[in-house]
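The structure appears right after this line, and notes come after that.
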Amino acid sequence: MENQVIIFDTTLRDGEQALTASLSVHEKLQIALAIERLGVDIIEAGFPVSSPGDFHSVQEIARTVKNARVCALARAVEADIQACGDALSVAEQFRIHTFISTSDVHVQQKLRKGFDDVEAMAINAIKFARKFTDDVEFSCEDAGRTPIDNLCRIVESAIKAGATTVNIPDTVGYTLPNEFGGIIQQVFNRVPNIDQAVISVHCHNDLGMAVANSMAAVQAGARQIECTINGIGERAGNCSLEEVAMIMKTRQEFLGVHTNINHQEIARTSKLVSQLCNMPIQPNKAIVGSNAFSHSSGIHQDGMLKASNTYEIMTPESVGIAKTKLNLTSRSGRHVIKHRMESLGYKETDYDLAELYKDFLALADKKGQVFDDDLEALLFNIQQQDEKDFYSLETLNVQSGGGEFATASIKLAVGEQKVIEAATGNGPVDALYRAIKQAVDVEFEVTDYKISNKGSGEDGLGQAHLVVAWQGRNFHGYGLATDVIEASGQALIHCLNNISRAQTIAEIKEQKKEANG
Ligand code: KIV
Ligand code: ZN
């Protein structure tokens, strides 16, 4: 049996559908490029029929990504599959992933159909998808709770209809590892044409067993794992990519399988996804948590000093966590920054050194020492500014303390115009947000606001994360500055720019509709 396990990343589909605020096209593209660089084989970029924004981002990802195959999701209906074909056709090769539920509870309660109808819909959908591509994946949703006879029957029919990958999801994270491994084993033993397709698994983490179940499936013969960065996804999330990748690397001899993952890209990709998705990582999370390589007890520290393999089964460097932490100051030259970025895993072509150096000097002047985390935060901030923005905050003055009210005055660029506004509020952020609201013609509501420390030490950078609701949709934005009020202002402006992009996409879609009569 083939000993490469295909890594199918669904961060941008299953992961994204669980976020409070959807990602912009630019953010999805950034994640897709990071995932491509991580070495995943297949990127599930979205669900094109679900919204014009999703269609557009799937298309952009399919156009841009070259070293991974891009895939999109469709229910087992022609309109969904057509949308996948339309969005993906800009790529030379692509995959269409179509699915339908197969468990009794889903078939009877959700679909209100019989199993024969479901099987017929699956066959039709696969045949239709094959008209666009010869790479078609079929998923039996809720396979973990599907009677085994029905599961084997539909897997056989799907392969006969032309599915080249058949996915067996544990959609509700219900099974135990030996039980799920047993299901995969039975599928291999009972489906006569099983050798004509790759068997995939897609495990959710409701009982904390997504990774264990995926590995049990691999031991039973599955050769594709569907997973997400940091395990994000519906409810308790999906199988975590970094965990399965490091299991197959660390226990390769025992398991006898490998992946194409560039393990040293793990830490960086994980940070990017956590930032962009506004999903903090728990400190004790395996592989990428901030404590994953910290040793606290005296006995452990003593062991580590004698030999690191006493308490570390893999090194932090093997997942891309830099060993040395060098403190940089305004006296550090450009070449030092370039060298430091290289040790953090960034090639010179990944960023504009002149731009980063300019921001670095400004920060070093404000806070003295600049640490690795600060540099990465600055780079992250620059990357978010790559898009042309409709709004930008040019000046900001806030006064608070002592009195009853805080006051804020702002100058805002709104397209080609400059707008000046002032407002009072019950605190500096409230005053600032009221002034911005007066300056823009957008009815929004702030639904979540968080400030966190980015970078190192008491004088690290402040990062504001914001979620605003607009016309029934949530938009996420962030801002980074040494001053938390400024960071808060930038976060709101970021949200407003994301709203403005969503408006443009909706308008283009409307115009197209009108043009097509
Ligand atoms: O969890 C699930 O079953 C899914 C399918 C669409 C593969 O996400
Ligand atoms: Zn899922």
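Positions of Cβ are set from backbone N, Cα and C atoms, glycine also.
Annotated features in TrEMBL:
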type	residues	note
BINDING	Asp14, His202, His204, Asn238	Mn(2+) binding site
DOMAIN	5-267	domain 'Pyruvate carboxyltransferase'
REGION	392-517	region 'Regulatory domain'
The domain 'Pyruvate carboxyltransferase' (5-267) [mean pLDDT, rounded to integer]:
97
For Asn238 (Mn(2+) binding site), the number of other Cβ atoms found within 10 Å of its own Cβ:
32
Around the Mn(2+) site (Asp14, His202, His204, Asn238), what further same-chain residues have their C-beta within 8 angstroms of the site's C-beta centre?
Thr10, Pro169, Thr171, Cys203, Asn205, Ala210, Glu226, Cys227, Thr228, Gly233, Glu234, Gly237, Cys239
